[in-house]
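Colleague: For 43, 44, 166, the entry in TrEMBL reads FAD binding site. According to TrEMBL, the D-dopa binding site annotation covers 223, 278. Per TrEMBL, domain 'FAD dependent oxidoreductase' is recorded for 5-324. Residues or ranges marked as signal peptide by TrEMBL: 1-19.
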């Protein structure tokens, strides 16, 4: 068959990374990214981009750890290269603090991040309301920069970018051999996934260049994440709320909570508010499917439902999705050669 044509639907961090992994795994493919929104208007543009995994109850821990490790290794290499400033990736050290010691004092990802250890008594004095903490160094992506860097890499390999709203994956069957669904929360409507639901996240970005260390409350609700230009303050986790309008009361609540962790933030300037809908489900949907209609078939690969943990595992799940695309193409080539016989 001619060069297989692959469409990736969605241009957030999952869609762009998946497209890049497909070009790496299958250089003969012709790849297009289709999305009604590109950066800076994607959910990924709102994300804080910290590599601290969130647990998916429906996915085995060893699989989650593998995804995280592949992502960390990939971004760590970029952070140590001349590409780092443009890609918006840098190392950041800090603390995760708990009011009560967690059930697992050593999380599954502790040996992937750098220098993981329990906090000392002296360090804990900075957080008088917390009894226990963990110190480590991880990576942070400044998401809009990273998305633009991914787009640039894709265009350099010949990937086409099309602004297009896909209402039905089947509509693509006459143009593409394989369709990859990276639609995020859009998959709720696109494929009618009833397990997928939004978790609304509101964050603030402030100018506070003196804040160098991240601080994360162990409950995951309150965090201070310093980026290259600005500091991200968060956040919220509002299940099944679809509103993208910033809430002033929530803004004040986030600011007050973050100031309780880092009092110097009272002097922060130039507060910007961002809202995004995390595409959440019990497990990431990462699987092949065949759509069929009137004797015609369309190979589909799903890669969505990463919730609040997309950045932490994006490269690992993109590599797996690219492998599934390779299986689809092999099956198509096998059936076309059988047809010739």
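Note that Cβ sites are derived from N, Cα and C of the backbone, with glycine treated the same way.
Because TrEMBL annotations are produced automatically, they should be read as predictions rather than curated entries.
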Colleague: For each of the binding-site residues (43, 44, 166, 223, 278), count the other CB atoms lying within 10 A of its CB, then report the residue with the highest count.
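Modeller: When each Cβ's neighbours within 10 Å are tallied, 44 leads.
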Colleague: List, in sequence order, those binding-site residues among 43, 44, 166 whose Cα sits within 10 Å of the Cα of residue 278 (D-dopa binding site).
Modeller: 43, 44
Colleague: Take the C-alpha atoms of residue 166 (FAD binding site) and residue 223 (D-dopa binding site) and report the distance between them in angstrom, rounded.
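Modeller: Just about 35 Å between their Cα atoms.
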Colleague: Averaged across the domain 'FAD dependent oxidoreductase' (5-324), what pLDDT does the model get? Just tell me the whole number, please.
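Modeller: On average, pLDDT over the domain 'FAD dependent oxidoreductase' (5-324) sits at 96.
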